[in-house]
Ligand SMILES: CCCCCCCCCCCC(=O)SCCNC(=O)CCNC(=O)[C@H](O)C(C)(C)COP(=O)(O)OP(=O)(O)OC[C@H]1O[C@@H](n2cnc3c(N)ncnc32)[C@H](O)[C@@H]1OP(=O)(O)O
């Protein structure tokens, strides 16, 4: 059998893409499932339940997973509910309300940069009671990427230098900050920091990043499914 024409392989088209109320409805459902999944992740890493209970729950979760049937997103496919780049990313591991992995971080432009707010849990723990260093890097990398977008140049990280000054507590509202410090051709230099919401003046972690805005041909190669 010959391969189907490319347009038939694209399972979502402009005609079928949800809009307006339908889009809101879908995003609310995705957010609700993400919320419950994060609660499950939290319960999973906190529980001291005995093995029989864990086996029973495992069976239940397997049954639930089996209900998420139908078409599955393939690698590189932009979800219908997303706006890429720079808009909603429902399944981002940092900001996505539908991601069980995301805190999720709320992002708002503020002052001369961009601010992210989130609270990390025990699932994100490194040292007992404190955030895993890789999580801090992930929060900063994402927000620094947003700072590039806000400056009008969507870009990818080519270098991220982290400095861990003090441990970041879990179960504590955090304030992440990022701002562009300079540009040079396609390179964007970005600084970032993490503090607690209560005392953001104390930088627990700082980072310096270099981001590069790929040229249009490279962007098309890397992200062939973008509009
Ligand atoms: C549309 C986006 C949506 C982006 C959507 C963003 C979602 C947010 C995600 C958060 C951010 C991420 O995690 S992004 C994911 C992690 N990052 C990646 O996977 C990036 C992997 N790297 C790459 O694919 C490539 O390096 C590119 C596409 C970024 C750039 O390749 P290129 O276009 O060929 O550029 P290239 O000529 O190599 O380099 C351009 C300039 O940058 C300099 N340069 C290169 N690397 C470095 C470096 N480590 N430190 C300093 N400078 C460097 C070069 O010397 C050169 O300077 P000169 O000689 O011109 O002076």
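A Cβ is built for glycine as well, from the same backbone N, Cα and C atoms used for every other residue.
Residues annotated as region 'Disordered' in TrEMBL: 1-22.
Taken from TrEMBL, the feature domain 'Thioesterase' covers 129-198. When pLDDT is averaged over the domain 'Thioesterase' (129-198), the result is 97.
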Tally of helix, strand and coil residues over the domain 'Thioesterase' (129-198) according to DSSP?
18 helix, 33 strand, 19 coil
